[in-house]
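According to TrEMBL, the protein carries these features:
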- E17: active site (ACT_SITE)
- K134, 181-183, 189-190, 219-227, 313-314: ATP binding site (BINDING)
- 138-347: domain 'ATP-grasp' (DOMAIN)
- S189: active site (ACT_SITE)
- D300, E314: Mg(2+) 1 binding site (BINDING)
- E314, N316: Mg(2+) 2 binding site (BINDING)
- S325: active site (ACT_SITE)
Amino acid sequence: MAKKINIGVIFGGKSGEHEVSLVSATSIIEALDKKKYNVVPVGITKTGDWLATGDPIKALKSGKIKYAKKAEVLIPARQGNFLQVGKKKIKIDIVFPVLHGTYGEDGSIQGLFEMAGIPYVGAEVLGSAIGMDKVVQKELYKNIGLNVSKYIWFFKNDWEKKGESENILRHIEKDIDYPCFVKPTNLGSSVGISKAKNKNELIKAINLAAKYDEKILAEEAVLNAREIECAVLGNENFKASIPGEVIPSGDFYDYNAKYVDGESEIVIPAKLSADVSKKVQESAIKAFEAINCKGMGRVDFLIDNKSEKIYINEINTIPGFTSISMYPKLWEQGGLSYPALLDELINLAILRFKEKQNRLSSYEPDESWYK
Ligand SMILES: Nc1ncnc2c1ncn2[C@@H]1O[C@H](COP(=O)(O)OP(=O)(O)O)[C@@H](O)[C@H]1O
Ligand SMILES: [Mg+2]
């Protein structure tokens, strides 16, 4: 029998999506085939401490743990990677980061895995960082001819400068108009996002977004918007799932509609014409490729219900992963079960790691160089 793979599932973390991550990780740990994997659950507290002993999921779910008692940390070692817990070493062959948002989905922790020389599931440093920045990704989407809604962005610093704020407001009213969406550039789960219908609301929306980020985005609202999502899988020869639709319980898909009231609905497959469905799939793959994404990504679109115009909204490089989340559900419809999807993602991570190992990383000058 093949040797079991030690897989570190990392969850929690220093982000507004800490709680969501715990639910995703619970589903993943449950579904991983224990005949193939030794699962090492690793929790990260909201203050950034790592927990790898006992039952980290339970500990984090209790909300009582803030600091780890012992230093638990991933050590980059040349021969085999391990978590150092006090004096004990826990071996890890591969990591599955189930961390949504800041520090987990933005390239930070991916950088640590690169330094440690350890394979990990999903997007790498660059893809993760771009996938987190709503402005940088829009620029790339525009470059490859995808439709994005009209937007402008500015720094919080400028907004707070005397005289500048009036200019910014004027610019938004002239080029974007109402209703518009105001967002912190690097966040998720709809935190800090508002829809503004007049100047008063716009000022409030900008002040709110500025609490979360130094970069603020204002964009034209897609009218009569349908929320269509498409799952992409692969390192190359990317596969796109059939599109699904979210029907939010409120005016838009805000935090409450996503996680609190439980009244938003998911429809798979989305009721779209074959033509629109195909365009969504093609655009999803193009977007995935444009940001340098690897492994998995859920690409979200807004479609104007009247004109049928398709706008790309954003990509999520670590999408929600509970057993009822859109990403695994879309693949399930396509014939790939939840445990088989996990196997595939782990396999893609290992393939990618081997590919990178085979690459030259330094230049060997000849002897004369040293003289
Ligand atoms: N330009 C837009 N037009 C219409 N609705 C929007 C627009 N931008 C965002 N929304 C609404 O706000 C929600 C959250 O915005 P999104 O950019 O996806 O942020 P997050 O990363 O927090 O999910 C979307 O799912 C959608 O309901
Ligand atoms: Mg979104």
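Cβ from N, Cα, C; glycine included.
Annotated features, which come from TrEMBL, shown on the structure.
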residue : record                : Cβ within 10 Å
E17     : active site           : 23
K134    : ATP binding site      : 24
S189    : active site           : 19
E219    : ATP binding site      : 22
A225    : ATP binding site      : 18
D300    : Mg(2+) 1 binding site : 20
N313    : ATP binding site      : 23
E314    : Mg(2+) 1 binding site : 20
N316    : Mg(2+) 2 binding site : 22
S325    : active site           : 18
Recorded positions close to ligand 2 - of E17, K183, V222, D300, N316, only those whose C-beta is under 6 Å away: D300
Helix, strand or coil at S325 (active site) [DSSP, three-state]: coil
Among E17, E219, N313, E314, the recorded positions whose C-beta sits under 6 Å from ligand 1: E219, N313, E314
DSSP-derived structure type at S189 (active site), helix or strand or else coil: coil
Sequence-distant neighbours of K183 (ATP binding site) in its chain (C-beta under 8 A, six or more apart): K134, G192, I193, A209, I216, L217, A218, E219
Nearest-integer angstrom distance between the alpha carbons (Cα) of N313 (ATP binding site) and D300 (Mg(2+) 1 binding site): 6
Euclidean distance between Cα atoms of S189 (active site) and E314 (Mg(2+) 1 binding site), Å: 12
Closest of S189, D300, N316, S325 to A225 (ATP binding site), Cα positions, recorded positions only: D300
Where K134 (ATP binding site) sits in the secondary structure, as DSSP reduces it to three classes: helix
Neighbours of N316 (Mg(2+) 2 binding site) among the recorded positions V222, D300, S325 (Cα to Cα, within 10 Å): D300
Inter-residue C-alpha distance, D300 (Mg(2+) 1 binding site) and S189 (active site) (nearest angstrom): 13
Secondary structure of E17 (active site) (DSSP, helix/strand/coil): coil
Confidence summary for the domain 'ATP-grasp' (138-347), mean pLDDT rounded: 94
Spatially closest candidate among E17, S189, S325, the listed active-site residues, to V222 (ATP binding site) (Cα to Cα): S189
